[in-house]
Amino acid sequence: MKLNKAYTLTTASVLAIAALATAAQAEPKTNMMHQWAQGSEAAAIAKLGEMFEAAGGTWEQTAISGHTSNTLAKLRSDIVAGNAPAAVQLKGPEIAEWNSTGTTANLDEVAAAEGWDDVVAPELTSVMKPTGSWVAAPMNIHRVNWLYSSTKILNELGLDVPKTWDDFNAACDKIVAAGHTCIAHGAADWSDATTFDSVVYGMDIDLYRKAFQEADVDAMRSQGMIDAFAQLRKMVGYMDDGINGRSWEQSMTMTMTGEAAFFLMGDWTVASANLAGFKEGEDYLCNQTPVNWGGNGFILNADSVVFFQQSDPDYIEGQKLLASTIMSPEFQVTFNVAKGSIPSRTDVDLSKGGFTQCQQQGLADLKASVSEGTLVRSMAHNMTVLQKFRGAMMEVITEFVADDSITPEEAANQLADAVELQS
Amino acid sequence: MTKRSLGSRLAEKTPQLVLIPTLVAAFMYVVVFSLWTLWISVSQSTLLPNMAYGGFGEYAALWQSKRWVVSYQNLFVFGALYVVGSLFIGSLLAILIDQRVRFESVWRTIFLYPLAISFIVTGTVWRWIFHPQTGVERALNDLGWISANFDWITDRDMALYVVIFTGIWHASGFAMALILAGLRSVDGDLVKAAQIDGASMPRIYRKVILPTIWPIFIAVTVVLLQFAIKTYDLVVALTQGGPGVATTVPAIVVYDLMFQRGQIAQGAAAAVMILVALAMVIVPYVLWTNWQAKKEGQRHG
């Protein structure tokens, strides 16, 4: 009995000391706001929560399904109410915009300790560090300039995957002559702009940088942009007449089943296609979209998490832990296998963990593109200019696709006018 | 004595007291928030609201944007045809059902049913029906009529009429239900008197019955007008505002500017323009009814 009592007493005092110790030290907590409420993405985020808890944190999440704008609306009202969330999924220039409101937290300490500057792709670093300090952690890298080809149609007509836009047009002429649809497409502002990203980039990389990364209106009025619009017009002619009201998944299936020869879309296609039972190499091939300047090209899109200033030490500690969990190779592998993208760190080995051939090809091309200096960010996927410029540009591009009475010259001028109007 | 007079005074004031919360709420929502939006539209707000005065530049930028001009025109075309079309089809259905048809309640349910379906579902289903590769055109082609062509939804000039058609399909049952109730309330003696005078049924409807229930038409018009002005989900589900920007409506532009592009001031300017559009319809109507009332008063006085 006595022994038992003494034991209880010791346990109690140990517990009390432990409680004292933890009270002195902050307990890492977080609440992450994101838009991945369903499917494999929700599962991937749940994995982030598990890893965060395994590392000693308390995990909470606010999943806002649907469009990014719902997340933005919630974020805005929280910030105006003086109740900034600890971590929010935001991307591209939005990071700089929120950074300029002076409400974001500084992650330099964690970043320096873990050497983020050495492992994150250079074009991405500038987005995560809008004014020289890390305010966001990148979760992945999506490649926008993929060209998916139907092996069935290529074999039937004995064609190779086109390398330049002239090759592409020549291939399309043959495919159309053989009675197939050349390009599978579903018209929407973002998908039309995705295609146009690849066209401008593939025709003139300097023009892409000036017009789409710096919003330079003179570049938009230049002959190069007119030529790019002319190429886009030609490509609309290679599409069938049902592009309006078709989703990107439907157009993907057209290419996968051999109804259409080519499909231009980002790497999320790989995840969806493989899930639907189509096979890389058998049903479809993945290559970079044509470039006229030779070499490797990579148009980048990335999801990231921005951290906002907190007053509660528990949440500040939680932000550091969450940032380092997101940047851990283990999480980057789990998350990106599910999403079809590749890790935002270039030092992860993709041959392990279930990455597909296309994803591995993506990383190889990314590295090649970094060393060749051809890596750019995607305008269509909100990685370059402010939303107001991007929105204005997408309106012009999608109108051009829908209305064949607009000439390439008019479109180039409208593009510049629309951007000038917003500045 | 004093106690009773207090009680009776209170009883006198009760109706006013009961109305006060409603009046305050209505004042807040209609006047204060409208003024607030008006001020935001001339402020320097971008990503977050910023109350400093910024001028009328956002209105100028708005009216130079092709998408906005197209959407504003669409609002008037859609609003007018949607309201008139729904009233016309609704009256027609109501008159037909009024002919003592058999299984009347079945017909009423069928025609009222579309209103029970959300705009998102309506838009999605009609998109399938109108789309050349899933709907009518495909069906005709499969039946062997290869040259059949029905691609309004992908045609820039016709796509808006697809939206109007779908809107009318959705709302005409609602118009029918209210108008039918009105028709039933018309005094039978009135009809009999007209019949004795030798008027034909169509003429009786046109000259006697429908004119007596005009307040119902006003009520239906007001309800449909506010549907038209806030139309958002129907267009998003049906055409996504496309082809290009051909079927964009103002509500979509406001939402995009405010919540997606971080341009709160310009979004507020667009919202104010929607209010102006509503005023263009309501103000002449109010003036007209006032003028009518005055005329009536003079006649009786």
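Note that Cβ sites are derived from N, Cα and C of the backbone, with glycine treated the same way.
Predicted automatically and left uncurated, TrEMBL annotations should be read as such.
These features come from TrEMBL:
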DOMAIN    B:72-287  domain 'ABC transmembrane type-1'
TRANSMEM  B:20-42  transmembrane segment
TRANSMEM  B:75-97  transmembrane segment
TRANSMEM  B:109-129  transmembrane segment
TRANSMEM  B:158-183  transmembrane segment
TRANSMEM  B:204-229  transmembrane segment
TRANSMEM  B:235-255  transmembrane segment
TRANSMEM  B:267-288  transmembrane segment
Of B:20-42, B:109-129, B:158-183, B:204-229, B:235-255, whichever stretch has the most CB pairs under 8 A to the transmembrane segment (B:75-97): B:158-183
Hey, which bits of the same chain come close to the transmembrane segment (B:20-42), Cβ under 8 Å, at least six residues off its ends? 49, 51, 53-56, 58-59, 264-266, 268-269, 271-272, 275
For the transmembrane segment (B:158-183), which recorded stretch in the set B:109-129, B:204-229, B:235-255 gives the largest number of Cβ pairs separated by under 8 Å? B:109-129
For the transmembrane segment (B:204-229), could you work out the same-chain residues 6 or more beyond its ends whose Cβ comes under 8 Å from its Cβ atoms? 75, 78-79, 82-83, 86-87, 90-91, 95, 167, 171, 174-175, 178-179, 181-183, 185-186, 190-191, 194-195, 250-251, 274, 277-278, 281
